[in-house]
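Chemist: I grabbed these lines from TrEMBL:
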- 153-300: domain 'Palmitoyltransferase DHHC' (DOMAIN)
- 76-100: transmembrane segment (TRANSMEM)
- 112-133: transmembrane segment (TRANSMEM)
- 197-220: transmembrane segment (TRANSMEM)
- 266-288: transmembrane segment (TRANSMEM)
Amino acid sequence: MRSRQRMFAAVMRLLLKCLRLGRRRRFRLLRQLEQLWHYGHLCLRSLLYNSFTNGDVVLDSLFEPVYWLVDHVTRWFGVVFVALVIGLTSSIVAIVYICLLPLILQTYTPAWICWHLAYGHWNLIMIVFHYYMAITTSPGHPPQAKNDLTGVSICRKCIAPKPARTHHCSICNRCVLKMDHHCPWLNNCVGHYNHRYFFSFCLFMTMGCIYCSISGWDMFRDAYAAIERMKLLEKERLQVAANQTYYQTPPPTFTFRQRAFHKSVVYLWVLCSSVALALGALTLWHAALITRGETSIERHINRKERQRLQKKGKVRVTHGMGAGWGRARCDVPLPVLQVFRNPYSYGSWDNWKVFLGVDVPRHWLTRVLLPSPHLPHGTGLSWDLPPCVTEQRAPLLAI
């Protein structure tokens, strides 16, 4: 009996020792895994650490494959996009001439007929002219050889002089003077020499789409109601035909010409309204940039620089003595700080005059309201004060 008890006790002690050893080994294994995790995390941070890293850098890194895909695909699809613009615009013009113009000539008064003919053809000429100039005019490229230009940097990709406001286009693989963006619908970069053509095309295309949408609203409602009535009558005709016996298919209720007319009107109104909304928003965005004297790229750069200088306390956010001045009734004004402004801005009105090339009042007619191939101010290599700007701006903090 005692021998059995001793044997049982020995077995239990051995079992407890095994459990203790297993627990120690398990804890030791977990500690080793934790140490390896911390060591790997430290190595990864030491390899990837950068004091300039922020949320935007991480986001750009994550979207780098998307940027690469866009850079390599856009250059091939540019021709397709241009053909799409020409095809859709031509279809709208064909519908207007074939379907709507005969109806206008039969039903409208002579005054309204003259208005539609004059405005419609003027708008069409402006659209065609500016789109053709935008896709065929080179945006401007800096010289590849060294020259006497002062205050220029070197492009890291072209290894060539890079004047102010010049940026490298990864799609065209060239530096572009006063680059705004690469437009796939033009299959061309928007830069110094064709920026006005691009904006004018967007403006007049938006105006034309709004004109077609407003003018064709009543026709669109009638055409849509006619199509719904066609569907209802077609359904009733098929139900009647199913209960009777015919040796041949009964004739349709509406002719092919009637169906094509109503569907063309609906197609015109839907397409013009959609383009007016999308292109109108883009036009307003570029109008705001032109008012500030910036390009799309410069807006991003100026915003980053403004935030950086605000963090360092070199520029103030608002005008006046400071936030709270006058409300807190403090007798000691805050330190006067400089205001960050775009160095290429001459004021809202002068920015538009410089952009459109308006030097004298008659240019509003000959260069803005009529097709004009005049060149912009300057060469894009240096940015001197244009002659249409009346006063010189004081130097301010900017890039």
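Keep in mind that glycine also has a Cβ here, set from the backbone N, Cα and C atoms.
These numbers come from a predicted model, not from an experiment.
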Chemist: Determine how many residues of the domain 'Palmitoyltransferase DHHC' (153-300) DSSP places in helix, in strand and in coil.
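Modeler: Helix, strand, coil within the domain 'Palmitoyltransferase DHHC' (153-300): 89 helix, 16 strand, 43 coil.
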Chemist: Should anything in the same chain at least six residues away from the transmembrane segment (112-133) have a Cβ under 8 Å from its Cβ atoms, list it; otherwise answer none.
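Modeler: Tertiary neighbours of the transmembrane segment (112-133) are 85, 89, 93, 96, 104-105, 186, 194, 197-198, 200-201, 204-205, 207-208, 211, 215, 371, 373.
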